[in-house]
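Asks: Handing you a structure now.
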Amino acid sequence: MHSIIFKAAVALLGVSTAAGFSYQNSRLCLKLLAQGVEVDLPNSTDYETEQQNYWSTACTALRPDCIIAPKNARDMSRAVAAIQESKTTRFAIKSGGHSPNQLFSSIHDGVLISTRNLKQITYNEHTQTAVLGPGLKWEEAVGGLKDKGQTVVGGRLGGIGVGGLILGGGLSFLSGQYGWATNNVVNFEVVLANGTIVNANATSNPDLYAVMKGGSGNFGIVTAFTVKTHTQDPEIWGGSMFFDGNHTESLTRAIRDFAEYNTDDKASIIGTVNRNPSLIWVVFLTYDGPSPPEDVFRNFTQIPNIRNTVKRQSYHSLMLANDEYIRHGNRFSIGAETSVNPSGTHGYDIFKSFIDHWNDVTDDFIDIPGSASSLALQPLPRSISTKAKESGGDVAGFDPRYDYLLLQIAVSWNSSTSDSVIEAATRKYYTVQGDMIKQFTNEGKLPKAYCPLYLNDLNANQDFWGRVAPSTREKALAVRRAVDPTLFFQNRVTGGFRLG
């Protein structure tokens, strides 16, 4: 062990000198290595492998002074204690690395805590729960429970990380039946700012438990989630259908009507319109059963398509297939807004204005080499918000009296030289989109309703907590003051939607 630490010290000192890395952070890394915590040093194979495991290459480009990879809650506690002692070290926490926002799960001139070794899957048949590690991808979590005939409420693309998705709410193909992913958590194992390991659930630390459901990483670092499991049919019906842009009116009407009229909680859709540079629609259709009733998706299936991958398959297979749509090797920017689902009277005109605005924004950058743009139109039927409330609620707290529409732009491009243009366009998208929704509301075309934002879809510069109900935000602040009175996570974690 001593020889390993000596070699590591030499390596770190060399890197610190060559790259300007912090000497203090290097000492912190060596201290944890001496305590038996796994630490990756710059230029090592494990370090470089971890760095490649991001969705956006803009995050890959950030270089931490070292990567700490705890294997259990005790290791995580040691890491937190060491960072506390350093006084100034800043850090980021990584689950799946899917957020394209720089500094959320990536860092430069600081240390990265990777949860890659926290990949436990422990099923309890008696309680119908499973313990999941935050380092899992959803395809691993679902695949690990497949032979038990069980599944969990989680990501719709298999390559997304468990930790980040749950802490941000987590929309799922199963949400119509069971609410958000975070509503299905029965216990969080958490390392607090003082290094204490606690459990947060309905009876132990219940206030902490309540605000961690969709409150992101403001209160501690989760080392294990205990989640409800649900019986899963061997086969479900799902896949995607592709349409050319000539069917935009029919598709937007179908999406709007699905949000209002669908009564089958096993049915779920995602509508996306894409420019690269021509206009193509991709609609994800999922039914949690071997075959949907004929009328559930009729408004979509009757539109002529140019490609159709929908079939009977396992839920796990569907998640793996959906990974096809995770574009790799590019930089990414995202931004989002929330609208109440418009009525049939104004629905198409409002949807058209939303798509026209996205098209106008896309015109600002679509000639940049390697650029592409998509707009997701995600219906959020009131059944999801109802199930969420029945399960104890969550921080966002969408109002179950309304059907909502979640809108998200996602932009990809190749070179950092175009960053400022893309980020300006993304900001223009969500700022003007928000103004449009306010205008439609003032004109009486949309009802005046509480419209929180979906945290996992947001740009780093958006104000998640500013759109949360004031009473919920005050409750979250009270918990933060109790568990992190020195603002450790608020001031020392580089990214995320900080509560204050």
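Placement of Cβ uses the backbone N, Cα and C atoms for every residue, glycine included.
Copying in the features that Swiss-Prot gives for the protein in this structure:
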type	residues	note
DOMAIN	60-232	domain 'FAD-binding PCMH-type'
CARBOHYD	Asn43	N-linked glycosylation site
CARBOHYD	Asn194	N-linked glycosylation site
CARBOHYD	Asn201	N-linked glycosylation site
CARBOHYD	Asn246	N-linked glycosylation site
CARBOHYD	Asn299	N-linked glycosylation site
CARBOHYD	Asn414	N-linked glycosylation site
MOD_RES	His98	pros-8alpha-FAD histidine
SIGNAL	1-20	signal peptide
Asks: Can you tell me how far the Cα of His98 (pros-8alpha-FAD histidine) sits from the Cα of Asn299 (N-linked glycosylation site), in Å?
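Replies: His98 (pros-8alpha-FAD histidine) and Asn299 (N-linked glycosylation site) have their Cα atoms 32 Å apart.
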Asks: For Asn194 (N-linked glycosylation site), which residues in the same chain are close in space, meaning a Cβ under 8 Å from its Cβ, but six or more apart along the sequence?
Replies: Gln84
Asks: Other Cβ atoms within 10 Å is the metric here; tell me which of the glycosylation sites Asn43, Asn201, Asn246, Asn299, Asn414 scores highest.
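Replies: Ranked by Cβ atoms within 10 Å, first place goes to Asn299.
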Asks: Could you find out if DSSP has Asn246 (N-linked glycosylation site) as helix, strand or coil?
Replies: helix
Asks: Taking the Cα atoms as reference points, how far is Asn246 (N-linked glycosylation site) from Asn299 (N-linked glycosylation site) in Å?
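Replies: Here the two Cα atoms are 16 Å apart.
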Asks: Looking at the glycosylation sites Asn43, Asn201, Asn299, which has the shortest Cα distance to Asn414 (N-linked glycosylation site)?
Replies: Asn43
Asks: Can you check what DSSP calls Asn299 (N-linked glycosylation site), collapsed to helix, strand or coil?
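Replies: Where Asn299 (N-linked glycosylation site) sits, the three-state DSSP reduction gives helix.
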Asks: At the level of the C-alpha atoms, what whole-angstrom distance separates Asn43 (N-linked glycosylation site) and Asn201 (N-linked glycosylation site)?
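Replies: Asn43 (N-linked glycosylation site) to Asn201 (N-linked glycosylation site), Cα-Cα distance: 41 Å.
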Asks: Give me the CA-CA distance between Asn299 (N-linked glycosylation site) and Asn201 (N-linked glycosylation site), in Å, as a whole number.
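Replies: Pair distance, Cα basis, whole Å: 42 Å.
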